[in-house]
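Read through the structure below, which is laid out as structure tokens, and then see the notes.
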Amino acid sequence: MALFCILSIGCRSQKDTTLNRGLQNLTTRYNILYNANLLLEESLLTIENTYYDDFSQILPIYKDPSEREAPSVAPIIDSAIKKANTIVNEKTQSKYIDDAYYLIAKANYLKANFYDASEFFSYVIKTYPAEKELKLSSLAWKTRALIQLNYLEEAGATIDSALKYLDSSSKQATEVYTSYAQLLIRTGKAPQALEVLGKALDTNPPKKYRIRWTYILAQLQEANNQRDDAFLNYSRIAKSNASFEMAFNAELNRVRMRDEEGNRKNDKIASLRSMLKSDKYLDFSDQIYYRIGDVYLERQQLSEAIMSYQKATKQNTKSQVHKGLSYLKLAEIYFRTGNYTKAKSYYDTTLNTLPPTFHGYDQIRRKSGNLELLADRFRIIAKEDTLQALARMNEADREERIGQLVREQAQKTINESGSPVNPDAFIAAIDNPNIRQKEGKFYFNNSTAISQGFSDFQRKWGSRPPADNWRRSNKTASDVTETVQNQSGTGTLTQNQTPSSPDERRKAYIAEVPLSPQALRLSNERIAAAYYDIAGFYRDEMKDKDEAIRTFQELLKRVPESSYTPAVYYNLYLLYAQTNRQQSDVYRDMLLKQYPETAYAKTVLNPRYGREADEKEAAINQTYNSVYLLYTSRKYPQVIDEISKAERLFGKNKLSPQFAYLKALAAGHIQKLPPFETALQALADTFATDQLIAPIVRQHLEYISSHREEMNSRPTALLEYDPMNIFMEPEPVQSFAANEKRPLTTSPANKPSETVPAGQGQKVETPTTDTAPVKTTTEPKAALPPAMYSLPDSAEYYFVVNVLSPGVNLSPSRFGIGQFNRSKFAGSSIKHQLKTVNNENQLIFVGPFFSRKDVTNYERSILPLINDIMKIASERYNTFVISKRELEKLNTRAMINSYMEFYKNYK
């Protein structure tokens, strides 16, 4: 009887399980999965309807989501994910669990969570290998996710796996081919993309995709010079039921190609103008004027191009995007013709017109925000090109040309009085029409650039140039300019020294012309430094690797041999690493062969080289701090002994100038003037280009020269208590109570000069993890609203070094800041003070400055040197600019972090 009961229960359990599985499969497939897929289709439709196609570029295969658009569909997609999770967690006996994971992966893709999507697709591929169609589809979608993440090598490996398992009867052939085509387009392989996209069209895709892909096919055919096929496909689109905008652009392309084929330049404009007369294209008049502007721009008829783009902005249009693109064209034209004021205005208008969701919006914003940096670099290139062109002339022609320039500029100054430059006022490079850099206009004929005068040319801008200790080198591009000018001895104009008379201007021009091989080499160094900064800007700020590559390559073409060459090879090696391994290896081999002793080459061969350099730097900083404490304790003989040991132990290093300076000061306290002066002179000769020490030492030598008798009478060159207080003596170590607030200066005697040296530090692509000193993130973000802070144009400002430790000794670092201020801002009223915040952080604040412009100039000037100035590890501090009002609010670490988040987003 018991056995019968057990068997009955077992049979009933098996019966219930079979029934349960059937019910679960039924509800899963026709209820949960069905409704979840409807939600995804709704989300995809929303994404496609709000997507903007830029027809000036090859269209993407799919209208993929971006992080900006994703929030608008996130609630719907989250509902779909919730349904899929129900299947996974509750319908455990269903055979559709694999489809649920696949749906979760697609949902994450549509939310622009591309990394999560890639991981879920990987899970499906590995967990359900027997489901061939699901696996192929997952491989295709994973490829798309990896492309969005810019993991192009991984995307290539993934699509190769899909192609391996694909056969002609597969239902997923369309997805596989189109994903492969998108990868080929992304990596610049248009001929292969053309072939693969043709295969995708042969799979009979849905009508809306077939029209789009036919248009892309035409674009690829045109790019591959298959003009007849392209014209045929554009004609098909123009006559199809494609969206009116796509049909209109197809018609525009047909008109352009037909006129180009017949070499009828005038007909090209005439054809476009004839379209303006048709009511059919009334709503697209802005785009027609835009295309007319493009034609004029191709012909370098800039006045006509500007007029056409301006007409485009004045048309009544349903699309603000097209109006924004016209403003963008105007901004680019004015930028390239040197009218940076108008360029800035049009960039700002572009940003106000285009929606923040526009593809490339962030790049435009960053370019607008950094316009001054780019403008200055292009001015340097234009000026050096002009000077070199003058150098290639014979003496008589050069004198005549410079005289002509002086007369023309004098007349322009009288007539224009600062009016905008005519964008057509180009003068080709005098005897070198092959100069190809896009800002190659004749510098001295550009009234906007010349109004900046030699002052702009001498301003201090920043990017770390390559040196053997490149990871910690803070010598800027402007420092290179300053150094080579000092070496050239040509008597070039310094800041604020604009030639006032024609004769002075003539002499100034002649003095700048690089007539000797040495002067020409230094001129090329300045060109290389400018290109290096521009490339770094595109790489780091714009995240535009292609433009960075082009700029680095242009640098090598213009200046094949410079101090920047190994750094350029290394950057190209890294930039090509993910997209073109063969080209990456070419630059790697050139670096190792031509510059085997540089840190770049050593890092390629030994990935630990950067970490070892960090460890060495930490030891050097620790030694300097110990020696500094000995100095402040007045143990001068020990200071000299310990520095001598450090010199033997570390050899030449980034702090060698500062060690030598401290050693000279210690000797000055125990020696008479002659040996002290000799030590200073040796310092000046050995470290002539050091940006911190050399200026101070020169000041000391000048003071000694004018006060020799008084200093000779002293028992030692330096006194413990010097009433004159001329020499830059380290201050005794000070400690402050944990919550003590140091007073802020409120009424300085003199406002800082308006012409503070300015520069924007460019981050170098380093072989190891980026260790740039300026951190934009620190602790976990505080939940404080960024809107509570502001940065007005006029206010009392401070530059702040935020040290993430309350106990570290900052006296050596403050001494370094004092050195910097003394050398770069002598005579100004700025001071550096210390404030401890809630026993959590220490703030070194420098000021006061009386406008955001002045404090930003100071920030740009000090950032390239901050790693040499601070004697603590770079990960232990960050920097920011702040008004006095906001500084007084920073009474906890959370408040500091909140402000840092605001400042990062503001910049």
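Placed from the backbone N, Cα and C atoms, the Cβ positions cover glycine too.
Annotated compositional bias 'Polar residues' per TrEMBL: 475-501 (among others), in sequence order.
The compositional bias 'Polar residues' annotation in TrEMBL covers 744-753 (among others).
Residues annotated as compositional bias 'Low complexity' in TrEMBL: 766-778.
The annotation region 'Disordered' is assigned in TrEMBL to 457-504 (among others).
Residues or ranges marked as region 'Disordered' in TrEMBL: 743-778 (among others).
The predicted model assigns the repeat 'TPR' (174-207) a mean pLDDT of 92. According to TrEMBL, the repeat 'TPR' annotation covers 174-207 (among others).
Sequence-distant contacts of the repeat 'TPR' (286-319) (same chain, at least 6 residues past either end, Cβ-Cβ under 8 Å): 248-249, 252, 256, 265, 268-269, 272-273, 275-276, 325-327, 329-330, 333, 337, 422-424. Feature annotation from TrEMBL assigns repeat 'TPR' to 286-319 (among others).
Feature annotation from TrEMBL assigns repeat 'TPR' to 324-357 (among others).
Counting residues per DSSP class in helix, strand and coil order gives 26 helix, 0 strand, 8 coil for the repeat 'TPR' (286-319). DSSP states for the repeat 'TPR' (174-207), grouped as helix (H, G, I), strand (E, B) and coil, give 27 helix, 0 strand, 7 coil. Residues of the repeat 'TPR' (324-357) grouped by DSSP class, helix first, strand second and coil last, total 27 helix, 0 strand, 7 coil.
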